Amino acid sequence: MSTREGRLKDTSIRLSEATAADFFALLKPRVMALAVFTAFVGLMVAPGAVNPVIAVIAIAAIAIGAGAAGALNMWYDADIDALMSRTSKRPVPSGRVTPGEALGFGLVLSALSVMTLGVLVGWLAASLLAFTIFFYIVIYTMWLKRSTPQNIVIGGAAGALPPVIGWAAATGAVGVESLVLFLIIFLWTPPHFWALALFKVGDYAAAGIPMMPNVAGPASTRRQILAYALLLAPVGVLPWAFGFTSGYYGIASAALGVGFIWHSWKVRAASETELKPAKALFAYSIVYLFAVFAALLADTIAMRALMSVGA
């Protein structure tokens, strides 16, 4: 019996010595935090007033759904996680949580999040959340991740949907504005993860994951990172260009985009053995996304405050 067959057959919910911290780690809290923040911004910048109780329920349900996706991802990827130094100490490959526990935990949280969002907030948002979990687990984790170097490009759609879900929770619809936010995250995802792959290329090779540096080579990956940065920077300004925000957001987003291009250019110009620029881009990319969405939120709050004063 192969490792994969053994892992997939071990779906019994048997007790382990897992702690609450181990189950919390299954949620991928850092990834969850990004999803929750972008969903929160999507909800807050949507037009119209949102009942605070509904807003809290929506964000909580989205957080639970994001955590559920993380738990299911760790269940399925336990075999390859065990082969990579970056992930070998995760709860399932380390043996602290059994595969059955991770699977059951993820499925229960998935159902809880979708039903809560549907019953208490709206079924469009719930449907989008269900699709996001399905896409991340079935399309990305089970299929794309192990089969194509475009795994992150296509699979990035799942990570880009939270602001759309937040917008739908607030309005009951999907607006052009929310699709712009989707596009920002979608274009941000490849350079973010390819930068990581450049300095973790050995890990991905050991696990047999066809990340771009392992398949196309570091030089091609560096060129593609710069290409995506050149696309991302102007797209990041679209909320202002389309009139969704004031010029203050446009200036902030443009400056952040220039920084992204600059870091990407340094990666493009670096030698194959020089990893510092890739590490710097990876760190900056996280700052970029949080800062762009924070600027969007701050700009929206400020504009509404000024409008209320002038009313």
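Glycine too: its Cβ is placed from the backbone N, Cα and C atoms.
The feature transmembrane segment is assigned by Swiss-Prot to 31-51 (among others), with sequence analysis given as support.
Long-range contacts of the transmembrane segment (52-72) within the same chain: residues 26-29, 31-32, 35-36, 39-40, 43-44, 102-103, 105-110, 112-114, 116-117, 120-121, 125-126, 129, 132-133, 136-137, 141, 158, 162, 165-166, 169-170, each at least 6 residues beyond the stretch ends and with a Cβ under 8 Å from a Cβ of the stretch. Per Swiss-Prot, transmembrane segment is recorded for 52-72 (among others), and the stated evidence type is sequence analysis.
Annotated transmembrane segment per Swiss-Prot: 97-117 (among others), in sequence order, evidence recorded as sequence analysis.
Annotation comment: Swiss-Prot describes 119-139 (among others) as transmembrane segment. Residues 54, 57-58, 61-62, 65, 68-69, 72-73, 76, 110, 113, 154-155, 157-159, 161-162, 164-166, 168-169, 172-174 of the same chain lie 6+ residues outside the transmembrane segment (119-139) yet bring a C-beta within less than 8 angstroms of a C-beta in it.
Annotation source Swiss-Prot lists transmembrane segment at 152-172 (among others), citing sequence analysis. Long-range contacts of the transmembrane segment (152-172) within the same chain: residues 31, 34-36, 38-48, 50, 54-55, 58-59, 62, 66, 69, 117, 121-122, 124-125, 128-129, 131-132, 135-136, 139-140, 144-145, 178-179, 181-186, 189-190, 193-194, 211-212, 293, each at least 6 residues beyond the stretch ends and with a Cβ under 8 Å from a Cβ of the stretch.
The transmembrane segment annotation in Swiss-Prot covers 179-199 (among others) and is backed by sequence analysis.
Annotated transmembrane segment per Swiss-Prot: 225-245 (among others), in sequence order.
What Swiss-Prot lists as transmembrane segment is 247-267 (among others), and the listing cites sequence analysis.
Sequence annotations record features per position, and here Swiss-Prot assigns transmembrane segment to 281-301 (among others).
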Stretch in 97-117, 179-199, 225-245, 247-267, 281-301 most in contact with the transmembrane segment (31-51), if contact is a CB pair under 8 A: 281-301
Other parts of the chain folded back onto the transmembrane segment (281-301), taken as Cβ under 8 Å at six or more residues beyond its ends: 34, 37-38, 40-41, 44-45, 163, 181, 184-185, 188, 191-192, 195-196, 199, 225, 236, 239, 245-246, 248-249, 252-253, 256-257, 259-260, 263-264, 266-267
